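Features as listed in TrEMBL:
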ACT_SITE  Lys75  active site, proton acceptor
BINDING   Ser19, Leu20, Thr21, Thr71, Asn96, Asp111, Tyr231, Gln259  shikimate binding site
BINDING   Gly135, Ala136, Gly137, Gly138, Ala139, Ile229, Gly252  NADP(+) binding site
DOMAIN    11-98  domain 'Shikimate dehydrogenase substrate binding N-terminal'
DOMAIN    128-203  domain 'Quinate/shikimate 5-dehydrogenase/glutamyl-tRNA reductase'
Amino acid sequence: MTQRPPYLAGLIGTGVGPSLTPALHMAEGRAQGLEYVYRTLDLNVLGLSPEQVGEMLTWARRLGYDGLNITHPCKQLVVGHLDDIDASARTLGAVNTVVFRDGRAVGYNTDTTGFAHGFAEGLPGAATGSVVLVGAGGAGTAVADALLRLGTAHLSIVDLDVDRASTLAHELTDRHPDARVEASSFDKLSVLLPNTDGLVHATPTGMAEHPGVAFDTALLHPDMWVADIVYRPLDTALLQAARAAGCRTLDGGHMAVYQAVDAFALITGVAPDAARMSAHFRDLVS
Ligand code: NAD
């Protein structure tokens with residue numbers, strides 16, 4: 001029997017040196033008995049521009065890579081260099097995982113599938129009919145699409161950058177015509193939150209370098225759930241306030257782990273042990 005060569009994967013982006021993703025993938029590979037090498041491919045270190053992501057894909061394929069994760073600032077740029085793209089990634093116009101299979105480069109977005117899988121695991125049975133999303137950036141966009149696939153019928157989007165929230169609301173309305181998606185302002189939260197099933201926070205506020213909470217937590221109430229996608233730290237000031245208000249909560253580790261779980265499965269074709277990857281992730285960030 002011929003043995004397959006070690007799995008080979010990498011993460012393309014800028015400032016990816018401290019990423020936890022290589023450690024997560026390789027530890028799961030070892031636990032599965034796979035030889036699995038996962039490298040960071042930092043554009044700054046390599047002296048490459050984001051626009052050269054297509055060349056990097058060509059070389060990765062020639063060099064025998066099985067797959068790549070793609071992060072800032074290449075998630076949109078990479079789309080034009082693929083042979084095929086999964087439907088949810090196509091809808092988003094952003095790809096964070098590329099798999100080389102049968103000579104073809106196929107793009108996926110495991111940020112959006114990862115949020116959905118993490119949500120289902122961490123907040124089972126939670127109502128999703130009406131949701132407020134705070135933060136309309138790259139991560140917020142992936143979360144919004146996941147929520148609409150999870151059945152959200154009314155999505156309100158709030159961002160400091162009002163134009164960004166409006167643009168996202170228009171794009172989502174085009175993609176999900178059955179849902180009501182609207183941009184809203186911070187002063188409307190006092191009207192929106194009493195009637196919402198839940199809130200997802202997707203701005204950098206609450207990260208170690210941006211402490212605090214993006215809105216007035218006095219508006220939280222026990223009939224709503226609160227999900228934060230910030231995961232450094234895992235227990236943010238928002239989640240502490242939400243627990244104190246009696247809300248069910250979901251930390252950002254769920255999305256972070258499941259984007260890696262889904263990418264591992266796509267790159268290796270082997271189903272990872274999500275609980276083991278989650279325990280490893282929580283060790284790494286604690
Ligand atoms: P981004 O820069 O693309 O978008 C951030 C958005 O937040 C912007 O639209 C900005 O205007 C808005 N914003 C900033 N401060 C705000 C405030 N106080 N109130 C309202 N809006 C505000 O960033 P991103 O890539 O979307 O990442 C956002 C956060 O999500 C980061 O903390 C990142 O670490 C986290 N993230 C987590 C995961 C995960 O897997 N859990 C994945 C991706 C990103």
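Quick reminder: no glycine exception, Cβ is built from N, Cα and C everywhere.
Keep in mind that TrEMBL annotations are predicted by a computer and have not been checked by a curator.
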- How far apart, in angstrom, are the most distant Cα atoms among the shikimate-binding residues Ser19, Leu20, Thr21, Thr71, Asn96, Asp111, Tyr231, Gln259? 18
- Task: Kindly point out which of the binding-site residues Ser19, Thr21, Ala136, Gly138, Tyr231 have a C-beta less than 6 Å from some atom of ligand 1.
- Result: Ala136, Gly138, Tyr231
- For the NADP(+) site as recorded (Gly135, Ala136, Gly137, Gly138, Ala139, Ile229, Gly252), determine the largest distance between any two Cα atoms, in Å, rounded to the nearest integer. 16
- Task: Calculate the per-residue pLDDT averaged over the domain 'Quinate/shikimate 5-dehydrogenase/glutamyl-tRNA reductase' (128-203) and state the result as an integer.
- Result: 96
- Pairwise Cα distance for Gly137 (NADP(+) binding site)/the residue listed as 'active site, proton acceptor' [Å, integer]: 13
- Message: Given a 10 Å Cβ-Cβ cut-off, pick out the one of the binding-site residues Ser19, Thr21, Gln259 that has the most other Cβ atoms nearby.
- Response: Gln259
